[in-house]
Amino acid sequence: MKALVLEEKGKLSLRDFDIPGGAGSGELGPKDVRIRTHTVGICGSDVHYYTHGKIGHFVVNAPMVLGHEASGTVIETGSDVTHLKIGDRVCMEPGIPDPTSRASKLGIYNVDPAVRFWATPPIHGCLTPEVIHPAAFTYKLPDNVSFAEGAMVEPFAIGMQAALRARIQPGDIAVVTGAGPIGMMVALAALAGGCAKVIVADLAQPKLDIIAAYDGIETINIRERNLAEAVSAATDGWGCDIVFECSGAAPAILGMAKLARPGGAIVLVGMPVDPVPVDIVGLQAKELRVETVFRYANVYDRAVALIASGKVDLKPLISATIPFEDSIAGFDRAVEARETDVKLQIVMPQ
């Protein structure tokens, strides 16, 4: 099958590619479904593998198919699958854990060391015409949720995970540092989770303008205003209940404690490329609770339900739809990191 293949750092190709034992090739297991891929989002991790050839200790040592934010249509079901049928429109959770692991038994399968996650070396991704996937990690899309929205469930699930880790109370005020795609997802999940107001801070005014179109969102351009002073003014000097750090930027991480109220929460979502300093005393002096986020667990069905309900509208965050045959150009556009782009999506031939 033709696939978008990362041959090596900085080199992509569209070519026939055999994926041994999975992602569309091989035999269908009794608990699997075969899916005709429809829409695949371009994620920052895909782009990072393209430009750097690695993320942390995950290194691309051999050609790898990219893509993990996906939706499609079921075209075959395994003999034991009962909740899905041929023709169902679905989205797919891309990380498959070992169900017998201690992490999975604890319900934290996202941190299972044995998890097999699409487009994370050595596991191939889903930018192929068909994939085989466990039915247990495949979710039917309601009729009012499009394929494009279905492919947005994966990044929104990270926002859902962050909102759950924050333990939001109704009426909380939150700050999100970083208005990239994940920062925007976190902001919308925080609103859906009960926050009365979410303040989003970034350097890029075009991104702030996009997220500011949502009710309940206020924005601060930190090129123009001091963030700590602005948050203090917005909260009568008390500070926000929750800080979601989504930029991974060292200055933002160092300044987190100044934004939070005493007894508030810090949720670390963004991933710094290198180790960064943290103001431990600043955290201690306010007895701030610190939470971390790595992917997600047990939130996909909730994410789909929120989108279907209309309480979360992700369509304005889709900046462009790119045909599969132009996907290399799409990735090159993603590398440009245009300030007006949030999510680029690739549509597969049908």
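Heads up, residue numbers simply count up from 1 along the chain you see.
Each residue, glycine too, has its Cβ placed from N, Cα and C.
Lifted from Swiss-Prot, the feature list:
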- Cys43, His68, Glu154: Zn(2+) binding site (BINDING)
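Excluding Cys43, His68, Glu154 themselves, the residues of that chain whose CB lies within 8 A of the CB mean position for the Zn(2+) site are, in sequence, Gly41, Ser45, Asp46, Gly67, Glu69, Ala70, Pro94, Trp118, Ala119, Pro155. Glu154 (Zn(2+) binding site) falls within a helix when secondary structure is assigned with DSSP.
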